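Here's the structure we're looking at; comments come further down.
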Amino acid sequence: MQTNKQPKQQFSEKQFIAFVFNYIAGFGFISVVMTMFDVGPFSYLVLGLTSFAILGVVLSFSRLSVLCGNSAYGGSYLIAKKAVGTNSKTKRFFVFLSGWNVSLTGSFNGVVIPAVLIFSFADIPVVKANNNIIIGLLVGGFLLFGLLTFISLFGLKINKKAIFYFAVIKWIVVIGGFILGIYLIGTTNGKGFVENNLIGTRENIDFFKIIFISLALTIAFAGTEDLASITPDVKSNNLRKCFLIAFGCVVLLYLVGFVIISGLDGIRGYGLALGNKDPKAINNYGSIYRLVGGVPLLVIYGLGLLVNSLASRLSMTITTARKYVALAQDGFLPSFLAKTNKHNEYHHAVLISNLMTLLVMLIMVIIPFLPDHNNNNNSLFNAIEQLVTVTIEMAAAISLIQYFITFIFFFMIFAKKENQKLIPLWEKVSYVISFALVSVLLFVPLFPFNQWTVFNTFKIVVLICFYLLGVGFFGYAEWKNKNKYQLMNNNS
């Protein structure tokens, strides 16, 4: 029987910390870490700037989790309600905009799933060169997407078990790469530690390149804004501690991984005769496996990347569905989205979440048909790679928009006299610095007037269209519920 009651809490504190750590950390970092060394010694600056910016976001979410509590879904959406209230149309619009924006991140991140089989085995030459293999892997990716949608309908209890088993394989591959990396460092006597920390012949190291690489690194922290939306499922009286412990573990892992990888020789072909086409070039994390064990180890890596993507999508479905639930409970979206099935899962919200992802996929298909000077040979693999790159950049932009909005609401809440005493001076300073960093990382790449391409225009147009879709839902909700907003005020 369907119901819209609140499901019982499914996570203990330890389980939630592990869920947060597994949700954020892993392949997001290793997929972009190689690009950090394009700026030589400034790679440390990139890691520091990005980590500090996200730390401010985590601190704000953890601080607000104390103030707003964990009795309802919504995360940053609840923060917006706390900051401005819902007693006027303008206030309700900004509250809805916050909730709608954060719900888009899962849809854009989910686009990568059908392509994951291709990238899992991309280091095998025959995969890139054979369009039939690429199409077959793409079809397999869509079948996996459907399977994950089916699994996610069985509630957190089943999802937690699936995520756990997927996570075990994922971390074997990640840590295995670190160990193999140490082995490779030994074979070159640590040459990379010097090579990767010199500017040398690297070209065009400037402010914009550092900012763009920092933006790419925010992908390694993707999902931070999602996790506040599932706090009602956590049995904890100290969510702030949970967030900070998990984030500390993520940063520690990244620091260890960064130090190890910085010792590798030939990252992205630097210093090699044939550049990134040299057989010894380490162009991605899978190259570490290939250099040590050839194709057999590379296949193991590919399976690990695949499993990680499956776990990420399951986790993403859990968080994204609950964002729709919060909007539905307040009348902005149809009320049936707040109903649960016999497994205590918001099955309608899960299905809508995946339908939104499919909608994004259909729109992103336009990308390969846009003029691209880097794909003159019309390679199918390069076209899919460009599609995924642009989509991930859009997902990163949406996350940064959410951080930006949340900071504004955060400052509004703690500008009130009764809340000012809750925050020590050092924490206030960190928020201001983090807000400045988030602003730079958001607006400079989104409007790179010195390097504008057709892809920048495409990204902005698509984002505007999705926001207009949200405005349509808001307008309909205003018309339908114009006499019912007292219910929302009672929940504010």
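For all residues, glycine too, the Cβ spot is worked out from N, Cα and C.
The shown structure was predicted, so the numbers you read here are calculated from the model rather than taken from an experiment.
Record features, source Swiss-Prot:
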type	residues	note
TRANSMEM	16-36	transmembrane segment
TRANSMEM	39-59	transmembrane segment
TRANSMEM	107-127	transmembrane segment
TRANSMEM	133-153	transmembrane segment
TRANSMEM	162-182	transmembrane segment
TRANSMEM	210-230	transmembrane segment
TRANSMEM	243-263	transmembrane segment
TRANSMEM	291-311	transmembrane segment
TRANSMEM	350-370	transmembrane segment
TRANSMEM	394-414	transmembrane segment
TRANSMEM	429-449	transmembrane segment
TRANSMEM	454-474	transmembrane segment
Touch test for the transmembrane segment (16-36) and the transmembrane segment (291-311), at least 3 Cβ pairs under 8 Å: yes
Long-range Cβ neighbours of the transmembrane segment (350-370) (under 8 Å; 6 or more residues past either end): 103-104, 106-108, 110-111, 113-114, 145, 149, 152-153, 317, 320-321, 324, 337, 383-384, 386-387, 390-391, 454-455, 458, 462, 465
In contact by Cβ distance (the transmembrane segment (162-182), the transmembrane segment (243-263); 3 or more pairs under 8 Å): yes
Top partner of the transmembrane segment (39-59) among 107-127, 394-414, 429-449, 454-474 - counted as Cβ pairs under 8 Å: 429-449
Among 107-127, 162-182, 291-311, stretch most in contact with the transmembrane segment (394-414) (C-beta, under 8 angstroms): 107-127
Folded-back contacts onto the transmembrane segment (454-474), same chain, C-beta under 8 angstroms, at least six residues removed: 92-93, 96-97, 100-101, 104, 332-333, 363, 366-367, 370-371, 386, 390, 393-394, 397-398, 446-448
Contact set, same chain, for the transmembrane segment (162-182): CB under 8 Å, 6 or more residues outside the stretch: 19, 22, 26-27, 30, 151, 256-257, 260-261, 263-264, 285, 288-289, 292-293, 297, 300-301, 303-305, 307-308, 310-311, 314-315
